[in-house]
Amino acid sequence: MKTNLLDFNLDQLTQHFAAMGEKPFRAKQVMRWMHQMAQSDFDAMTDIAKSLRAKLHETAEVRVPALMMGQESGDGTRKWLLDVGTGNGVETVFIPENERGTLCVSSQVGCALECTFCSTGRQGFNRNLSTAEIIGQLWWANKALGVTPKEERVVSNVVMMGMGEPLANYDNVVSALNIMLDDHAYGLSRRRVTVSTSGLVPQMDRLREDCPVALAVSLHAPNDALRDVIVPINKKYPLKELMAACQRYLERAPRDFVTFEYVMLDGINDRPEHARQLIELVRDVPCKFNLIPFNPFPNSGYGRSSNNAIHIFRELLQEAGLVVTVRKTRGDDIDAACGQLAGQVQDKTRRQAKWTQIIEEGKQ
Ligand code: SAH
Ligand code: SF4
């Protein structure tokens, strides 16, 4: 099989070219063609010597995942479904705002972590995305949005908040992050690239050393008893360890705070006593809160907190001096809102069948 050059960050491509007897600047040129000009055809790379183009044709390719579907929401949000083989598809969402355009990128086909309120988690896990499949999402977005030169780029921010747990696919995600940050590729600053994790503590420590981008942590509960249920990875890395890992991360982070995401689930984690516990929990961690109104999906078993409950919760946190935003729901008419990304996942763990059975039994 031909080598997919989209799998390489600049260091890896330079090494690959060195093995072919090519100079390092060739790697930079090809990086720019692939990523800044969204070019996949070697023949269009006009400043590359013909002899090298011929060699590349024989041994390599720029293979982006095929586009299965594109949709646009009434509010300008766009969603693309990319074919990642054997009947699987992953979703990427572009959210335009006044000053910026944010791309929400997927890292896995499905997710193994079983958070109970998450549609991706409900589907089970199929496999990790390759570096090419992760960076291919940014490639497609730039291509589809009709931008190539750096100055005009519409995607100004990337959040790893699509399908999957990015830190469970560590190597490929870090390689893709490197490409996002590289001046010869997308040239995004570390502050504008965010990894969102449900709290894989050892990998948070590795990321701090390898590629410290902005960090978001999916907290969702203020105590271990509740978090054990709704974010089960908490049983492995409980809150005390998670808070300590956040503090360590901040020593290297490009921003001086961690963003805590908190999905507002009606009657589950949205009461004033939960807010009070949260204030205690994060006392020593410089942070901002992002409250996410729960986005329903079929048979979720959860409801969205009322606007009033969200308002009271927010006020309590703010009175304690915390900075809080409430995430606007965007793109829900095309199922592109947080936690609604389902893609097409052939579940290797057959988890969906298990859930369907549990839900059916509950109805009897
Ligand atoms: N696995 C990573 C990143 C993907 S999920 C993580 O868990 O952080 C991105 C965000 O969407 C997380 O904060 C997640 O908890 C949240 N989310 C998942 N399902 C949701 C839903 N149904 N409604 C609102 N937010 C949801
Ligand atoms: Fe996985 Fe994140 Fe969904 Fe949890 S919330 S199941 S970690 S994608």
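Cβ coordinates are placed from backbone N, Cα and C, and glycine is handled just like the others.
Here's what TrEMBL has on this protein:
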{"type": "ACT_SITE", "residues": "Glu91", "note": "active site, proton acceptor"}
{"type": "ACT_SITE", "residues": "Cys338", "note": "active site, S-methylcysteine intermediate"}
{"type": "BINDING", "residues": "Cys111, Cys115, Cys118", "note": "[4Fe-4S] cluster binding site"}
{"type": "BINDING", "residues": "Gly164, Glu165, Ser196, Ser218, Leu219, His220, Asn295", "note": "S-adenosyl-L-methionine binding site"}
{"type": "DOMAIN", "residues": "97-333", "note": "domain 'Radical SAM core'"}
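Everything TrEMBL records as a feature, shown here on the structure.
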residue: Glu91; record: active site, proton acceptor; Cβ neighbours (10 Å): 26
residue: Cys111; record: [4Fe-4S] cluster binding site; Cβ neighbours (10 Å): 26
residue: Cys115; record: [4Fe-4S] cluster binding site; Cβ neighbours (10 Å): 23
residue: Cys118; record: [4Fe-4S] cluster binding site; Cβ neighbours (10 Å): 25
residue: Glu165; record: S-adenosyl-L-methionine binding site; Cβ neighbours (10 Å): 27
residue: Ser196; record: S-adenosyl-L-methionine binding site; Cβ neighbours (10 Å): 22
residue: Ser218; record: S-adenosyl-L-methionine binding site; Cβ neighbours (10 Å): 25
residue: Leu219; record: S-adenosyl-L-methionine binding site; Cβ neighbours (10 Å): 28
residue: His220; record: S-adenosyl-L-methionine binding site; Cβ neighbours (10 Å): 25
residue: Asn295; record: S-adenosyl-L-methionine binding site; Cβ neighbours (10 Å): 23
Count of other CB atoms lying within 10 Å of the CB belonging to Gly164 (S-adenosyl-L-methionine binding site): 30
Spatial neighbour of Glu165 (S-adenosyl-L-methionine binding site) that is closest, considering only the recorded positions Glu91, Cys111, Cys115, Cys118 and their CA atoms: Cys111
Distance [Cα-Cα, Å, rounded] between Ser196 (S-adenosyl-L-methionine binding site) and Cys115 ([4Fe-4S] cluster binding site): 14
Gly164 (S-adenosyl-L-methionine binding site) versus the residue listed as 'active site, proton acceptor' - Cα distance in angstrom: 11
Candidate nearest Asn295 (S-adenosyl-L-methionine binding site) in space, where candidates are the binding-site residues Cys111, Cys115, Cys118 and distance is Cα-Cα: Cys118
Distance [Cα-Cα, Å, rounded] between Cys115 ([4Fe-4S] cluster binding site) and His220 (S-adenosyl-L-methionine binding site): 10
Euclidean distance between Cα atoms of Cys111 ([4Fe-4S] cluster binding site) and His220 (S-adenosyl-L-methionine binding site), Å: 17
Neighbourhood of ligand 2 - binding-site residues from Cys115, Glu165, Leu219, His220, Asn295 with Cβ under 6 Å: Cys115, Glu165
Annotated recorded positions Glu91, Ser218, Leu219, filtered by Cβ under 6 Å to ligand 1: Ser218
Between Cys118 ([4Fe-4S] cluster binding site) and Leu219 (S-adenosyl-L-methionine binding site): CA-CA distance (Å): 13
Alpha-carbon spacing, Cys118 ([4Fe-4S] cluster binding site) to Gly164 (S-adenosyl-L-methionine binding site), which is rounded to whole Å: 10
